[in-house]
C-alpha cells in the first residue's frame, strides 16, 4: 500500500522565545555545563505548558454569566462539571470552573452586582480582584444603565483588561418588515446595540470599551469569533499558550491560530531534545525523545478537538451527526496516539533533523558559536521534532474539515 507523502516543513521556521527565556538559555550555554543547560531547558518547556490563567466573569445578577462560562468551556448546562445556571442569581461567592481539557485555565463565576451579601462598595475585595488576569463583564439585553460595580468599572478604566459581553441580546431580536431584508435588519440591530453599550460605558468612565454580542447557545455565530481573537490578543505573552488552547474551536481562524502557536512550541521542544542527546547517559536520549513526542502528539489530538467528546459537542452545536464530521477526518491522530503510532511516524521522516537544526541556530545563535557539541546533537537527533512539525499540520487540516463540511451561512 502506498504511503502518502508528508508535507514539507517550511525552511524559514524560527524559534520564538521571550527575552527572559533567551537570557536564561544564554547563561546556561555559556556555563558549558550540559546537565545544567538540559535542566534549564526542561524547566522552560514545562513552564510554558503549565502556565495558569485565571479569568473572572462578572456582571449583573442573572445576566447569563454561568451560561457564558459553559459556552467558553465547550459544555452544555446538563454536562458534568458545568456551571450552575438559572433565571435568578445562582452564584453567591466566587466559584472556580477549570477547563475540562486544560486544567491550568480556570474561569471564575463571580457574584453579580447587587446579589445578596455582595455590596458594591466592597465588591473588589469580596471577589479578590487581584487574582484574575483579565475580566469578562456580562450585561443582559441592551446593556441598560450597565449595572456594574462602580469600583470595578473604575479599575477597568485605569487599564485593567476587560471585555463586555451581551449574551442575551437575541431575546430582543424581532425583524420588523420596515427595516428591510432579515439580514440587513439584523446587522443594523447589532451595530445599534454596540453603539448603545459603548456610549453607556463611556459615561461610566471607560474609554474605548470592547463590546461583543454573543449567543451562549450558538458560540459559532455573531461576535463570538471576535471575542476569541480579543481574548488571545489581550493575554500576556507568557499566558497566551494556555489561553489560546483553552478556547473553543469556533472558526477556521481559531484553528489556524492554535496551529501557529503549537508550531512554536514544537521548536522549543526541539531544543530540549538536542541538549538531552549531549548527555553522556546511554539510552537516555532515545527514551526521553520518544516519551516527549508521544506527549506532544497527544496534546495536538486534544487541542484540535479530534476526540469523540469534542466532535460530539461540535455536531450538537451545528445540528450535524458526529459520524458525518468524523467521516471527513483523515489524520492518524484521529485515534489515541500510541508507541506504534510514533514508530510509524519515525519511519516516514527522512530530512527533519537538518531543518530543525537550522531553526535551532536561528532561534539560539549562541549555541552554534559557543557550544559546538550541542549544535551537532541538534543536527543528528531531533528527527522527532520534524515529525511533530509535519504531523501538526495533519490534525489542523483534519480539524478544519468538519468546519468546511458544515458550511455555515448567513450572518455570523
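Just so it is clear, glycine is given a Cβ too, placed from its N, Cα and C backbone atoms.
Its own atom aside, the Cβ of residue 66 (GTP binding site) has 25 Cβ atoms within 10 angstroms in the protein chains shown. The GTP binding site annotation in Swiss-Prot covers 60-67, 85-89, 215-217 and is backed by similarity to another entry.
If you look up Swiss-Prot, you'll see 51-234 marked as domain 'IRG-type G'.
According to Swiss-Prot, the feature phosphoserine maps to 246 (among others).
Taken from Swiss-Prot, the feature phosphoserine applies to 303 (among others), supported by similarity to another entry.
The average pLDDT computed for the domain 'IRG-type G' (51-234) is 70. When other Cβ atoms within 10 Å of the Cβ of residue 85 (GTP binding site) are tallied across all protein chains shown, the result is 19. Set side by side, the binding-site residues 62, 64 differ in how many other CB atoms lie within 10 angstroms of their CB, and the most is found at 64.
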